[in-house]
Amino acid sequence: MSQIKPSRLSSSAEIRGARQLDVLQRHKLAEPQQDWLAEEVPVALVYNGISHVVMMATPKDLAAFALGFSLSEGIISSPQEIYAIEITPGCNGIEVNIELSSRRFAGLKERRRAMAGRTGCGVCGIEQLDDIFRPITPLPFTQAFNLEHLDTALAQLKQVQPVGQLTGCTHAAAWINPEGELLGGCEDVGRHVALDKLLGIRAKQPWQQGAVLVSSRASYEMVQKTAMCGAEILFAVSAATTLAVEVAERCNLTLVGFSKPGRATVYTHPQRIK
């Protein structure tokens, strides 16, 4: 399997996922110059030779994305159920070929048959509210976080956004320990993809105590993905949706929105927050 390492800040000469283009800047006078733009490419996740989904993503940390997506979508329950990940760039995008165990591949094929005929716009085709929620084992209450350390974590978030610092165009997802230290993280033009990348990296690291911190809002998908991977606390820099709060309540996840210096809004299960 491709090696997965925590992302850290790189020099601009080493930046992957961004390109310089000629632009016309207007301040007082219009002047031609170069500017950095974040890359966005189609990325196909292919399981045992069958294309499962195509996502728009920043082309970095794609092995981590494949592992995190597989875990957060319930395709696998352990990294050991993926035997290999191979990344193949092409003319129209990137293929990430994932070799699944035979048992998990059989489960994926059955799941694809059950979804046949549904449209591809999220919850379209679902007949009742309960069908929206992926079966998630309620999380235990083993974690705690002191909000005094949140400012420390927020101050470090840009460390995992080298492309974002150049372009202003990426979301970040990071793992922070109970002292607010940022242990690692990822960025992407898509907030869900950034989170999947982080969850893939975390699956290969001994990070148990701590929480997820994302630079975006918290949608119900973000909550489900976090809970599916066993993380008990999710901090979002922006707001949470009503459905995100409902899902968090159901699966025992502590959801915190408006995570900014000196403030935070705890929506669910505040017993983990000090």
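Heads up, the Cβ atoms here are built off N, Cα and C, so glycines get one too.
What Swiss-Prot records for this protein:
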ACT_SITE  C121  active site, cysteine persulfide intermediate
BINDING   F258, S259, K260, P261, G262, R263  Mo-bis(molybdopterin guanine dinucleotide) binding site
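Structure with Swiss-Prot features highlighted.
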| residue | record | Cβ neighbours (10 Å) |
| --- | --- | --- |
| F258 | Mo-bis(molybdopterin guanine dinucleotide) binding site | 16 |
| S259 | Mo-bis(molybdopterin guanine dinucleotide) binding site | 25 |
| K260 | Mo-bis(molybdopterin guanine dinucleotide) binding site | 13 |
| P261 | Mo-bis(molybdopterin guanine dinucleotide) binding site | 10 |
| G262 | Mo-bis(molybdopterin guanine dinucleotide) binding site | 8 |
| R263 | Mo-bis(molybdopterin guanine dinucleotide) binding site | 10 |
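For the Mo-bis(molybdopterin guanine dinucleotide) site, the Cβ centre of F258, S259, K260, P261, G262, R263 serves as reference, and the other residues of the chain with Cβ at most 8 Å from it are L150, D151, L154, A264.
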